[in-house]
Amino acid sequence: MIEINEIHPNPAGIKRVAVLTSGGDAPGMNAAIRAVVRAAASQGIEVVGVRRGFSGLHRGEMHLLGPRDVANTIQRGGTILLTARSRTWRTPEGRAEGARYLREWGVGGLIVIGGDGSFHGGYHLQEEHGIPVIGVPGTIDNDLYGTDHTIGYFTAVETALDAVDKLRDTGASHERIFVIEVMGRHAGHIALDVAVAGGAEEVFIPEDEKPIESVVEIVKQSVEKGKKGSIIIVAEGYDGGAQAVGDAIQAGTGLETRVSILGHIQRGGSPVSSDRILASRLGEAAVYALMDGQKGVMVGRTSGGITYTPLPETWQNSKDVSHDLYRCARVLSI
Ligand code: F6P
């Protein structure tokens, strides 16, 4: 029989925590909010939900959230707390306002679900006002050091892959080249996974700014090998994006080329199981981290276990794309 201890020690004496989502939305954010609310309730801790991220925090947009308030949300995309990117939070005055509201509400710690920009915002609050902050990695880009995957990434890859499969039908039928841009402001994680899973001829990522002209030779070789159409995946962060790659192909080969920028559809939709499970584990772990007296760390999952990474390290260190996967993408496009 598996022994389960449901009561977590609370040396920090936490009675109430706040939670917010910030930056770009990501599928699974609701599952993370739900996990925070329910894990806290299981320990007799109250949760204050902050609406509109830091933007709402400095305006005091807060309300209590109970376990029933998060019912029927685990499968929903977006974030029930709403999200925003806040300019005011970048000022010490804005953060002081937010800290005042958190104190008024008797909050012993803040859980920030978001990406590196959001973690910066949380870290400043902690440094200036002594309020413990725990980060939960929520971004489709998967670009945070300290966790194998971020919440939303798995769903974004599935969404992009579905689009690639559909575009491939048209590409093959018309014997066209399709250049498809996936999201990833500074990172090629989505692009690389989609390239391998979608059987692409080539992938362009910001981590390896190879010359754009190289695509011309690759497409010419594909045609010589008898391929009916080609799929080229480009990460948004690659210099010039998909349009530049498409233009280079058209100019260098004269072949009929179409560019498709998938954009924000990758951020929406019901989270796949891997994102729901990751969000559930990390939301729970964030509550326990505050109870343990931890602060200024991001909870992550690395090699199956829960890990705690100091917030500055999550943005100071870069998370490498898998070189092996990059190699594999090349080898299999023969
Ligand atoms: O950080 C997630 C992300 O989806 C990036 O991939 C993209 O560059 C950016 O957000 C888009 O942000 P916005 O919602 O402000 O257009």
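Note: Cβ is positioned from N, Cα and C throughout, glycine not excepted.
Sequence annotations record features per position, and here TrEMBL assigns domain 'Phosphofructokinase' to 16-289. According to TrEMBL, the ATP binding site annotation covers G24, R85, S86, G115, D116, G117, S118. Here TrEMBL flags R34, A35, V36, V37, R38, R168, G199, A200, E201, K225, K227, K228, G229 as ADP binding site. Feature annotation from TrEMBL assigns Mg(2+) binding site to D116. Per TrEMBL, substrate binding site is recorded for T139, I140, D141, R176, M183, G184, R185, E236, R258, H264, I265, Q266, R267. Marked as active site, proton acceptor by TrEMBL: D141.
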Three-state secondary structure, which DSSP defines for R258 (substrate binding site): strand
Alpha-carbon distance [G24 (ATP binding site); V36 (ADP binding site)] in Å: 19
Nearest of the binding-site residues (R34, R38, D141, M183, K227) to G115 (ATP binding site), judged by Cα-Cα distance: D141
Annotated binding-site residues R38, G117, K227, R258, filtered by Cβ under 6 Å to ligand 1: none
Overall pLDDT for the domain 'Phosphofructokinase' (16-289), taken as the rounded mean: 96
Euclidean distance between Cα atoms of T139 (substrate binding site) and S86 (ATP binding site), Å: 17
Binding-site residues near D116 (ATP binding site) (Cα-Cα within 10 Å), from R34, T139, M183, R185, R267: T139
Site with most surrounding Cβ atoms, counting all protein chains shown within 10 Å, from the binding-site residues D116, D141: D141
T139 (substrate binding site) and R38 (ADP binding site), Cα-Cα, nearest whole angstrom: 22
Most distant Cα pair in Å, residues R34, A35, V36, V37, R38, R168, G199, A200, E201, K225, K227, K228, G229 binding ADP: 56
Top Cα neighbour of M183 (substrate binding site) in the set of binding-site residues G24, R34, R85, G117, E201: G24
For the binding-site residues R34, R38, R185, K227, the one whose C-beta sees the most other C-beta atoms within 10 angstroms: R34
Distance check against G24 (ATP binding site) for the binding-site residues T139, R185, R267, keeping those with Cα within 10 Å: T139, R267
